[in-house]
Amino acid sequence: MCGSPNTTVGNGTRALILVGGYGTRLRPLTLSTPKPLVEFANKPILLHQLEALVDAGCRQVILAVSYRAEQMEKELKVEADKLGVELIFSHETEPLGTAGPLALAKSILSASPEPFFVLNSDVICDFPFKQLVQFHRNHGKEGTIVVTKVEEPSKYGVVLYDEDGCIKNFIEKPQEFVSNKINAGIYIFNPSVLERIEVKPTSIEKEVFPAMAEQQELYAMDLTGFWMDIGQPKDFLTGMCLYLSSLRQKQSPKLYTGPGVVGNVLVDPTATIGEGCRIGPNVTIGPDVIIEDGVCIKRATILKGAIVRSHSWLDSCIVGWRSTVGRWVRIEGITVLGEDVIVKDELYVNGGQVLPHKSIAASVPEPQIIM
């Protein structure tokens, strides 16, 4: 492994990803697939994180799981082998919150004196793992959390810290402006932090961080670039737009430039797009997708094996695996079609959440769950 010890994690460094919950906010997609395996920009959400960790030199990743672990193990093992990273599944018999999983994996996390990463599985950003190691080693304290700037801090808990990054206080959903920096769900800790946590349901944000901050053992590092918690459909689509914009800034060759494309678009090489289509801005089209002639798609994700019939118009939606959108259909308003959904010809769907294996034969003019 190359790189100076300040910028690349050491051989003994590992990461823990909080996979945990049921993914209820991203239903109906998570009724078919565990949330970490849902494709974001044509790649499972978790794979974005694993690749960034491996790129920073991490060779062992613990997945703290409590739900559908077998499916995740089976699918992720192939990807892990390709990346050359060891995946360890730490099974919770009861939900342990955001701190308990660290205690459950204590024997692995404390096997080396090196610091370890912890991250929430819903986060997508330009992962700053190398910079985080350097910042953490420079201040020499027990923990560092990554913070990011948001437009509406009153929806979140904000972080107050001094010019060196030493955290002074946390304020939950402030009514008056005190800061626009929030916890980005990415951390690095020394193993000594494990002495603060027991194997029981515990919130790291509410029960561990305040005590660390009081002892001046917790620092904040500013994230540059985009960030989004993509755990629900609206934010999933916003995160997709930010991610595609980031690819554009990096002049990524992954962006698609075929006929009828407007703005930032990803298209899997196995997808087919018909004549006279307008695709984009902000669209991802997955493997084996068929887009027929005269289709207009913007701000949307079309997952593997889906079919969009001719002259349909899709905006702000996610089309699930192997779903079929009929001819002359209009879909908008953060509609999510689950797996294997059929939308019949000439319908209007506005904000529908359609459960898997359903066939829709009537328009859905108002947001609702279709069961």
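Every residue gets a Cβ built from N, Cα and C, even glycine.
Per Swiss-Prot, the features are:
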ACT_SITE  Lys173  active site
BINDING   Asp122, Asp229  Mg(2+) binding site
BINDING   Asp122, Asp229  GDP-alpha-D-mannose binding site
REGION    14-233  region 'Substrate-binding domain'
REGION    256-371  region 'Hexapeptide repeat domain'
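For the residue listed as 'active site', the count of additional Cβ atoms within 10 Å of its Cβ stands at 10 [all protein chains shown]. For the region 'Hexapeptide repeat domain' (256-371), residue counts in helix, strand and coil come to 0 helix, 51 strand, 65 coil, using DSSP. Across the fold, the C-alpha of Asp122 (Mg(2+) binding site) and the C-alpha of Lys173 (active site) stand 20 Å from each other. Least packed by the Cβ count within 10 Å, out of the binding-site residues Asp122, Asp229, is Asp229. Mapped onto three states, the DSSP output places Lys173 (active site) in coil. Spacing of Asp229 (Mg(2+) binding site) relative to the residue listed as 'active site' is 17 Å (Cα to Cα, whole number).
Confidence for the region 'Substrate-binding domain' (14-233), expressed as mean pLDDT, is 88.
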